[in-house]
Amino acid sequence: MYVCESESVCVRESVCESESMYIGDLEGKLTDQTQKLSTLCSELGTTDLEKHLEILVVENDRLKQDLNGSQLQLRHLRRSLSGCSKCDHVENSQLRERLSRAQVELKKTTEHLSELELEVQRKTEHVSQFEQHLQDVLQGKAEMEEGLNKRIRDYQLTLARQSTPPVKYITKTVQVESAKTKQALEEAQGRNQYLQEQVAVQRQVIHEREQQLQESWHNTAKLQAQIMIYEAELERTRGEMLEELQSMEEEKNCAIEEAFLRAQSEMKAVHENLNGVRMNLLSVQPALKSLTNDYNCLKHQVRDFPCLLQDAICQTKEEIFQMVEEVKEVNRDLLHKYKREMQLRKKCHNELVRLRGNIRVFCRVRPITREDGDGPETRGVVSFDSDDDGVLYVSYRGKTSVFELDKVFPPHALQNDVFQDVQALITSCIDGYNVCIFAYGQTGSGKTYTMEGTPKNPGINQRALGLLFSEVAERSEDWDLTITVSMVEIYNETLRNLLSKDLNEKLEIKLNPDGSGQLYVPGLTEIRVRSVEDINRVFELGRLNRATDCTNVNERSSRSHALLIISIAGTNTTSGVKRTGKLNLVDLAGSERVGKSGAEGHRLREAQNINKSLSALGDVIYALRSKQSYIPFRNSKLTYLLQDSLSGDSKTLMMVQVSPIERSVSETVCSLKFAQRVRSVELGAMGRRTENHYSPSRPDSELEPPPVMVQPGRLSYSQPGFTVGRSSLSGRRKLPATGM
Ligand SMILES: Nc1ncnc2c1ncn2[C@@H]1O[C@H](COP(=O)(O)OP(=O)(O)OP(=O)(O)O)[C@@H](O)[C@H]1O
């Protein structure tokens, strides 16, 4: 029994050994399978699939980009094509080139796309093959696992069947030995458990891979669908492009045809023109021949022209020189005649002035002004003779007084009209005469208006200086003339220098110590004037100085005599002979004050002084008229100052100013009577102030050259003095002056 038990234990041990060997074998196989699986997994594993998938995705993206690029190009081409209709033929051809390039690129892209499609297809097949293989491997593994499980179960059943009661004894033994077996079994079971777990893990992994594969298939399908859509789009675009290309081709053909037809017609026209030109050429040939001949002829002439021109120039020069000489001769002759005529004119002028009389009396009737007011007293009492401009009628209380003067200016006479009649006198002072123009009349009769005028309408003073400037300029070739100006006021028998800085300075009239009998005023300011601006400045200064000394200029002007003394000194540039002339322009004080003022105090003194000076003026004129040996020039400052302008061959013009209104009639008549008395005076004959020697005694004289012989007939101032008679030659009617 013991043997039997030991035999059974041995059998059991051997079974166990064989079982454990088998299990180890199985384990080795399982390990191999696991290794294989992992190898397979690593071969086909996630990485490769993902890589494939990624490659496919990248490839797909690239394709998408290509497609986008192609679409963009296509759109661009479409736009270009739409603009093509407006472009010309050249642009069409450029677009066609671009289109063909795009087509080539599209073709390439399509080819590349089909290649990629093939690649995708190939890869998909490869993936499906791998899947199939993986399924097979999994199936084998599952089968193997199933077999192993079955065998493990069988072994477990066998082991369960072998555990019998007699083994109790043996069990002890077996217990000793079966512990090892048990342990081995347990180990095998543990390993088996472990392998089962591994298998489960692998299954899970496979399941995940399957899912991923499914997704990738799904994506691939999607992408394929997208590719299909793109392909369809491409196809459609290609179709459109082809259509457009075709239409463009048609257009091109049409354009070519049109251009060809046009070119043909133009060619035809050109041919026709050419024929015409040919015909013209044939007809022009003879003319051309004659032109060539002419040209040759002209060429010869041009070659000879400089010589001919030189000859002609020389000849013309000679002629011109001759003509210039002739003209010079004529000019000399004319100049000689002109100078002679000028001398004659001067003689005639002086003769005319002499015949008119040295004392001339004009009358100016001022217009009725607003200041005269209204009423019967402002009625006009003065009338004129339309046939005689020297006659004036004054009607008052039924009586008419007639006054004959040299000239009467009616109220409407202008400043210039007055000046026209006095300018001959003014020019004569350049010839060495002393001239005196004074305005006489009652206050407000227009004396200042006539002498000074207004800034816009100047009177005799400014016009006289303007005339003198132009005369000086005209004579500047023969005479070196200078014009100086002084302004003096006589108020209350006091002489005041209106151009002086010291207004309190009183001037005195003195006899020139050189024994010439000339008078001069020491300290009198003489300002040289060359232009109208100079005159205006001098007048302004005079007006200012006159105004500073009184509160009412108008009042003062009515009671003082204002004198503008213009001296003209000249030296003959040829002979060195000097001569001087003086022009006194006097605005007298109002004449109505004389003996009528009834005033007291300074007003009385004023009236007495005005009376004195105007009476003295009357006395002087009376003495002159009656040719008295003594002329009372010294009775007043006025007559003393005007002595050299009232005596000898001096020329005097009295402008009697009268008011036309009834209120002033008595003053008007008085003034006109005085004027007639003055008009009847004859002045004695004295030579003009002509010097041909240096006179140091005259304070205003200049350095003179040594005396020279005066050429006969050249200088008008060399004439002897002349006696001035009352103008019996003037033809003026002698009308009795009726007193009132
Ligand atoms: N011919 C004229 N045309 C227009 N207005 C004139 C004329 N004559 C004088 N008048 C005006 O008459 C007014 C008095 O003239 P103006 O001052 O010249 O007189 P007058 O005799 O100089 O007086 P006085 O002795 O007070 O100085 C002035 O307003 C002046 O403008």
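Glycine residues also receive a Cβ, built from the backbone N, Cα and C atoms like all the rest.
What TrEMBL says about this one:
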- 60-133: coiled coil (COILED)
- 178-258: coiled coil (COILED)
- 358-681: domain 'Kinesin motor' (DOMAIN)
- Gly441, Gln442, Thr443, Gly444, Ser445, Gly446, Lys447, Thr448: ATP binding site (BINDING)
- 686-740: region 'Disordered' (REGION)
- 716-730: compositional bias 'Polar residues' (COMPBIAS)
- 731-740: compositional bias 'Basic residues' (COMPBIAS)
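Long-range Cβ contacts of Lys447 (ATP binding site) within its own chain (separation 6+, distance under 8 Å): Ala439, Tyr440, Gly441, Asp587, Leu588, Gly590, Met655, Gln657. The 6 Å Cβ screen around ligand 1 retains Thr443, Gly444, Ser445, Thr448 from the binding-site residues Gln442, Thr443, Gly444, Ser445, Thr448, ordered by sequence position.
Each of the binding-site residues Ser445, Thr448 was scored by other CB atoms within 10 A of its CB, and the lowest score goes to Thr448. Within the same chain, residues at least 6 positions away in sequence whose Cβ sits under 8 Å from that of Gly446 (ATP binding site) are Arg364, Arg366, Gln657, Ser659. Listed in sequence order, the residues Arg366, Ala439, Ser558, Gly590, Gln657, Ser659 complete the 8 Å Cβ shell around the ATP site centroid, once Gly441, Gln442, Thr443, Gly444, Ser445, Gly446, Lys447, Thr448 themselves are left out. Counting other CB atoms no more than 10 Å from each candidate's CB, the binding-site residues Gly441, Gly444 peak at Gly441. Of all the Cβ atoms in the protein chains shown, 23 others lie within 10 Å of the Cβ of Gln442 (ATP binding site). In the three-state DSSP scheme, Gly441 (ATP binding site) is classed as strand. Within 10 Å of the C-beta of Thr443 (ATP binding site) there are 19 other C-beta atoms, taking all protein chains into account.
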